[in-house]
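Q: Before I ask anything, here is the structure I am working with.
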Amino acid sequence: MSIYQEFVNKYSLSKTLRFELIPQGKTLENIKARGLILDDEKRAKDYKKAKQIIDKYHQFFIEEILSSVCISEDLLQNYSDVYFKLKKSDDDNLQKDFKSAKDTIKKQISEYIKDSEKFKNLFNQNLIDAKKGQESDLILWLKQSKDNGIELFKANSDITDIDEALEIIKSFKGWTTYFKGFHENRKNVYSSNDIPTSIIYRIVDDNLPKFLENKAKYESLKDKAPEAINYEQIKKDLAEELTFDIDYKTSEVNQRVFSLDEVFEIANFNNYLNQSGITKFNTIIGGKFVNGENTKRKGINEYINLYSQQINDKTLKKYKMSVLFKQILSDTESKSFVIDKLEDDSDVVTTMQSFYEQIAAFKTVEEKSIKETLSLLFDDLKAQKLDLSKIYFKNDKSLTDLSQQVFDDYSVIGTAVLEYITQQIAPKNLDNPSKKEQELIAKKTEKAKYLSLETIKLALEEFNKHRDIDKQCRFEEILANFAAIPMIFDEIAQNKDNLAQISIKYQNQGKKDLLQASAEDDVKAIKDLLDQTNNLLHKLKIFHISQSEDKANILDKDEHFYLVFEECYFELANIVPLYNKIRNYITQKPYSDEKFKLNFENSTLANGWDKNKEPDNTAILFIKDDKYYLGVMNKKNNKIFDDKAIKENKGEGYKKIVYKLLPGANKMLPKVFFSAKSIKFYNPSEDILRIRNHSTHTKNGSPQKGYEKFEFNIEDCRKFIDFYKQSISKHPEWKDFGFRFSDTQRYNSIDEFYREVENQGYKLTFENISESYIDSVVNQGKLYLFQIYNKDFSAYSKGRPNLHTLYWKALFDERNLQDVVYKLNGEAELFYRKQSIPKKITHPAKEAIANKNKDNPKKESVFEYDLIKDKRFTEDKFFFHCPITINFKSSGANKFNDEINLLLKEKANDVHILSIDRGERHLAYYTLVDGKGNIIKQDTFNIIGNDRMKTNYHDKLAAIEKDRDSARKDWKKINNIKEMKEGYLSQVVHEIAKLVIEYNAIVVFEDLNFGFKRGRFKVEKQVYQKLEKMLIEKLNYLVFKDNEFDKTGGVLRAYQLTAPFETFKKMGKQTGIIYYVPAGFTSKICPVTGFVNQLYPKYESVSKSQEFFSKFDKICYNLDKGYFEFSFDYKNFGDKAAKGKWTIASFGSRLINFRNSDKNHNWDTREVYPTKELEKLLKDYSIEYGHGECIKAAICGESDKKFFAKLTSVLNTILQMRNSKTGTELDYLISPVADVNGNFFDSRQAPKNMPQDADANGAYHIGLKGLMLLGRIKNNQEGKKLNLVIKNEEYFEFVQNRNN
């Protein structure tokens, strides 16, 4: 029996079951006759327009409300003080002070906005559908805008004018539930949390720092060069922009023209919160063009630029100012280059032309083109005329890519910086920094989001001091790499000339000729041009400082460099959406899966199923001959199933579902029993009224209006519960639920009683209705009847039904209804998808078809029916999405992990560890070990199936990936891999689940960050996080279809072995029986001795090599064994491992993978024998080794760099445990350290209870880390927090001591 036998019904969870709907009888004919589909299709299109209209209203509201927000000067000044201190010192306390300063301002703004009357209606039905006799806020605003002659919608808008907008909004009167999700999304716009799309974030996180930087520049400029700006001319030219209503410094309310000094008063930042204020401020900085005038009216930046040229002082450019970001949802907030969905070829070429014309016409604040600006910037950078301490590289994959590109080694820059920073922080303790020093080093290296160019320059200079001349990595080579950027612009310009001819060819609207094979050359030309532009952006990306990340670091930047660079970068960044839209257009599928919601003239369709609500929600469920049906009543005939109709039409045929629900007992019971019309019937006593008035029956409830809240009284609570019990027994409907309540004295709170009511306040019964009556109302168009359908209900269905079918059937099963596990929920939805491709028979019935799966022993199949490719898109389809609750009566899963750990502590001796690794030769590999670490089972998940047929998914996915990779590069149609992946994963998850139950196993994965998961293997094989998520969700509610319906593991008693999934970040290191252990040192570790390579030999120079080899205790030739031995203590190389002393040997051979010039530089493999390599090397340099004595001194006495380069290479070969041969499945592990019997582990000769290859070794050692956790769980003291963190030294000690 499984130890998890009682881990059932632990918590409830919700699922949405999805089915097709098949119209019955005259249903489809009647629907079309009434135009119901057309009505809902129009409503779906109008909904998109309505969202645009509501966004316009949000713009208006934001503009209006922010014009009256006033952030106190004290708060602004405090923010400023901390901000500038933080630029000088990255102190943790200052970071906290800065966060506090931000949060205080955000809170003040948020409270002001939320207190406004208009805000209260922004997200409820009153925005669109006001109370009777009143006009909604939205309608009123539209009418006022029309009366005031305000033009809300531009010429190219989807909405013609305000009259159309009014008609659209009025059409949603009574349909406001449509906007529930949209309103939730728009609430983020007003959030005070760190959400970049919030107006408060835009003010405090984005624009306030920019304003403060500009203020500081203005004050410095006035001090250094007061004559640079013509103040009087600006005041004259930009009088409109300098006019403000309020001077927040003096609190003067008087519309007047401000001086520049007043513009930069910190209190007057309040004038630049909304878009009109931002536009004014930006114009003051950048100037403006005025119709009819030949010259531009200069802003501050132009004056700085002119003065800098006049006195020939480029240093003044640092005073140029940055414009503020546009306010969220403003017309100008979105990028200037807006790309809609591309509908035809004309859209493609027109959009491309617009993009390149805009790039060519774009001018920076210096009135220069993008090419000219970047050329000058990078020329100055190459000449190192800029302050390198204030220019940064992004410290991510961009930096390692740059290192590879410039130095042909991805690790050079990172290694140089690490060594340099370590030397700065721990000069006396380089090999073994203290914990505090390690934290500081990490903060300035791998954890730093940006590295200054000065740091990189100094690091490389220091790095080169210890490297041979031909191994030098010069900083200048990095700068030269960017100086070549103008050449890329020239190449783009050449290819852009071809675009004109292509545009002419494809300018006709409505055509999709670019999707045809004949357009392949033109598609390639388009792609080449976009690729070049995209590559340019990627090259520049390393300099780009993300706005949100800058807030965390408060980088001290070269303001002029970033001012003009970011202008260019953001303009070029429009290539990303353009590229994606055009690629998606070219590679689009021939069919569309777009669907829209059906309402059948009822805004509350299927909102609930309660019998009393049937006339309102007009949706009813039926069962007939083990098939399920959904009926939708015509809105005008919504009483065709009232009690009278049911009574008159009883008979054989259909069973109608009668649904009764007592929802929200805490609100429903008092609402009913104390309502004005019912209070006499339920007749509460004076004592009960007293209890209710003062809320003494609740701990935190509210008293009735006009009464004071008295302290909770348990006796009053129980009196109130007895009143509720008596009243329920009187209620005409609720008395039939058959409530079985606990003894009143057992309740300790009113909430306990409410929970009992809700758990029993759900009831499904059935009424028989004659088939003739149903047929009659369908034929008359009073009822639209659909069969609820999936493949399990097909006459051709074979095998077991899927879980959604089992769940659906369980809803109506008497065994479920006796003690409810599955509950049917409201909020169901119906959808419609139109046919998008013609129906064409791919394989006629009764004709043999070759099986695609080469692993299938049956080579051909014959079907009794025609096969049609993508058949589901060749027909109009109806769909039904229905939510349900599983484990309806169960409570939450607050301490689920603790419960699991307590069980494992009690049953530790019966538990196995199932560890899963993501392999290089395996999609996934598992190892099952017992409580002593012995391997019980191990195998690959490459091949899944049964004895009749197994499928090699590794090969199938690899083949598809290869095709997809080629198609992606050439913009060809991409084969769908998603369904195969999910089919594969569902089978893997099922196999894991079986092992878990059979062996009482916990599951262990490596805790890899998302980037590592995405980057370690080919992208298309990145099934692992999906595997983890699918496994978690499977173990949320684990049903084995073979198990009996009401037995453990069956539909009614599913295992629950993981906590509900939210996000991987929130999940931490455990979710139920799944644990995450640190990644690293799992596949490249000796499974017998526990040896891991932490030497990492690397040739840099003769002196460094001499120093390195001198640290070995002994280097000699073993005369008895015939191989070389290197003895050392890790402590001499830095304290990195639990066991210090090791002897590694040149035993055996290794496989080296390399680019073979004789094979067109493709990957190839050669076998090398380290012992022979060393023998030859030592002989070549006349070093005697045959005596068996230590030769360390002779080695360190050499001075030839070729000698040490080769010796280092051979030592790396000896340390190479993992060996794989290109193009084959060969992937073995060989250890350089002998065990106590003098044997070297080699997975090719390993017994079945040891890892069989390198991937198996990875899974095995993940399992050993899991075994460590199991030991901690077993020994954990009650009440003490379980430590799930495994440090490397703890892990090394564990594995190295296991076999000793």
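Glycine is no exception: its Cβ is also placed from the backbone N, Cα and C atoms.
Sharing the record's features from Swiss-Prot:
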- 25-339: region 'Recognition domain 1' (REGION)
- 47-51: region 'Binds crRNA alone and in crRNA-target DNA heteroduplex' (REGION)
- 301-305: region 'Binds DNA in crRNA-target DNA heteroduplex' (REGION)
- K320: site 'Binds DNA in crRNA-target DNA heteroduplex' (SITE)
- S334: site 'Binds DNA in crRNA-target DNA heteroduplex' (SITE)
- 340-591: region 'Recognition domain 2' (REGION)
- 538-541: region 'Binds crRNA in crRNA-target DNA heteroduplex' (REGION)
- K589: site 'Binds DNA in crRNA-target DNA heteroduplex' (SITE)
- 591-595: region 'Binds crRNA' (REGION)
- 592-662: region 'Wedge region 2' (REGION)
- K613: site 'Binds DNA protospacer adjacent motif (PAM)' (SITE)
- 663-762: region 'PAM-interacting domain (PI)' (REGION)
- K667: site 'Binds Target strand DNA' (SITE)
- K677: site 'Binds Target strand DNA' (SITE)
- 791-794: region 'Binds crRNA' (REGION)
- K823: site 'Binds Target strand DNA' (SITE)
- G826: site 'Binds Target strand DNA' (SITE)
- H843: active site, for pre-crRNA processing (ACT_SITE)
- K852: active site, for pre-crRNA processing (ACT_SITE)
- K869: active site, for pre-crRNA processing (ACT_SITE)
- D917: active site, for DNase activity of RuvC domain (ACT_SITE)
- 954-971: region 'Bridge helix' (REGION)
- 972-1078: region 'RuvC-II' (REGION)
- E1006: active site, for DNase activity of RuvC domain (ACT_SITE)
- K1026: site 'Binds DNA in crRNA-target DNA heteroduplex' (SITE)
- T1063: site 'Binds DNA in crRNA-target DNA heteroduplex' (SITE)
- 1255-1300: region 'RuvC-III' (REGION)
- D1255: active site, for DNase activity of RuvC domain (ACT_SITE)
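Map the listed features onto the structure and describe their local environment.
A: Mean model confidence for the region 'Recognition domain 1' (25-339) is a pLDDT of 90.
Look at the region 'Binds crRNA alone and in crRNA-target DNA heteroduplex' (47-51): DSSP puts its residues at 5 helix, 0 strand, 0 coil.
Sequence-distant contacts of the region 'Binds DNA in crRNA-target DNA heteroduplex' (301-305) (same chain, six or more residues past either end, CB-CB distance under 8 Å): 221, 228-230, 234, 285-287, 316-317, 319-321, 365-367.
Non-local neighbourhood of K320 (site 'Binds DNA in crRNA-target DNA heteroduplex'): K217, N301, I304, N305, V365, E366, E559, H560, L563, each in the same chain, at least six residues away, with C-beta under 8 Å from its C-beta.
Residues 374, 394, 398, 482, 485, 488, 565, 568-569, 572 of the same chain lie 6 or more positions beyond the ends of the region 'Binds crRNA in crRNA-target DNA heteroduplex' (538-541) yet place their CB under 8 Å from a CB of it.
In this structure, K589 (site 'Binds DNA in crRNA-target DNA heteroduplex') belongs to neither helix nor strand by DSSP; it is coil.
Distant neighbours of the region 'Binds crRNA' (591-595): 831-834, 836-837, 870, 873, 877, 879; these residues of the same chain sit at least 6 beyond its ends, with a Cβ under 8 Å from one of its Cβ atoms.
Of all Cβ atoms in the shown protein chains, 16 besides its own fall within 10 Å of the Cβ of K613 (site 'Binds DNA protospacer adjacent motif (PAM)').
DSSP assigns K667 (site 'Binds Target strand DNA') to a helix in the three-state reduction.
Classification of K677 (site 'Binds Target strand DNA') by DSSP places it in coil, neither helical nor stranded. For K677 (site 'Binds Target strand DNA'), the count of additional Cβ atoms within 10 Å of its Cβ stands at 7 [all protein chains shown].
Note: the region 'Binds crRNA' (791-794) comprises 3 helix, 0 strand, 1 coil (DSSP; helix = H, G, I, strand = E, B).
K823 (site 'Binds Target strand DNA') falls within a strand when secondary structure is assigned with DSSP. Around K823 (site 'Binds Target strand DNA'), the same-chain residues at least 6 positions away in sequence with a Cβ under 8 Å from its Cβ are Y762, L811, I884, T885, I886, F888.
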Q: Looking only at C-alpha atoms, tell me how far K589 (site 'Binds DNA in crRNA-target DNA heteroduplex') is from D917 (active site, for DNase activity of RuvC domain), rounded to the nearest Å.
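A: Spelling it out, the Cα of K589 (site 'Binds DNA in crRNA-target DNA heteroduplex') and the Cα of D917 (active site, for DNase activity of RuvC domain) are 35 Å apart.
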Q: Using a 10 Å radius around its CB, how many other CB atoms surround D1255 (active site, for DNase activity of RuvC domain)?
A: 28
Q: According to DSSP, collapsed to three classes, what secondary structure does K613 (site 'Binds DNA protospacer adjacent motif (PAM)') have?
A: helix
Q: Which recorded positions are spatial neighbours of H843 (active site, for pre-crRNA processing) here, meaning Cα within 10 Å, out of K677, K869, D1255?
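A: Matched recorded positions: K869, sequence order.
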Q: Rounded to a whole number, how many Å is the Cα of D1255 (active site, for DNase activity of RuvC domain) away from the Cα of D917 (active site, for DNase activity of RuvC domain)?
A: 7
Q: Who sits close to E1006 (active site, for DNase activity of RuvC domain): which same-chain residues at least 6 apart have their Cβ under 8 Å from its Cβ?
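A: Once residues fewer than 6 apart are set aside, E1006 (active site, for DNase activity of RuvC domain) is near D917, R918, Y1076, V1077, P1078, A1079, T1082, I1262.
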Q: Would you please pick out, from the recorded positions K589, K667, K869, the one with the fewest other Cβ atoms within 10 Å of its Cβ?
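A: Taking K589, K667, K869 as the recorded positions, the minimal 10 Å Cβ count falls on K667.
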Q: Whole-number Å distance between the CA of K667 (site 'Binds Target strand DNA') and the CA of K613 (site 'Binds DNA protospacer adjacent motif (PAM)')?
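A: Roughly 18 Å, rounded to the nearest whole number.
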Q: Give the residue counts of the region 'Binds crRNA in crRNA-target DNA heteroduplex' (538-541) per reduced DSSP state, in the order helix, strand, coil.
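A: Final tally across the stretch: 4 helix, 0 strand, 0 coil.
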Q: I need the nearest neighbour of T1063 (site 'Binds DNA in crRNA-target DNA heteroduplex') among the recorded positions K613, K677, G826, K869, K1026, using C-alpha distances.
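A: Checking each of K613, K677, G826, K869, K1026 against T1063 (site 'Binds DNA in crRNA-target DNA heteroduplex'), the shortest Cα distance is to K1026.
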Q: Take the C-alpha atoms of K613 (site 'Binds DNA protospacer adjacent motif (PAM)') and K677 (site 'Binds Target strand DNA') and report the distance between them in angstrom, rounded.
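A: Cα-Cα distance, K613 (site 'Binds DNA protospacer adjacent motif (PAM)') to K677 (site 'Binds Target strand DNA'): 20 Å.
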Q: When you measure from the Cβ of K1026 (site 'Binds DNA in crRNA-target DNA heteroduplex'), how many other Cβ atoms are you left with inside 10 Å?
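A: That number is 14.
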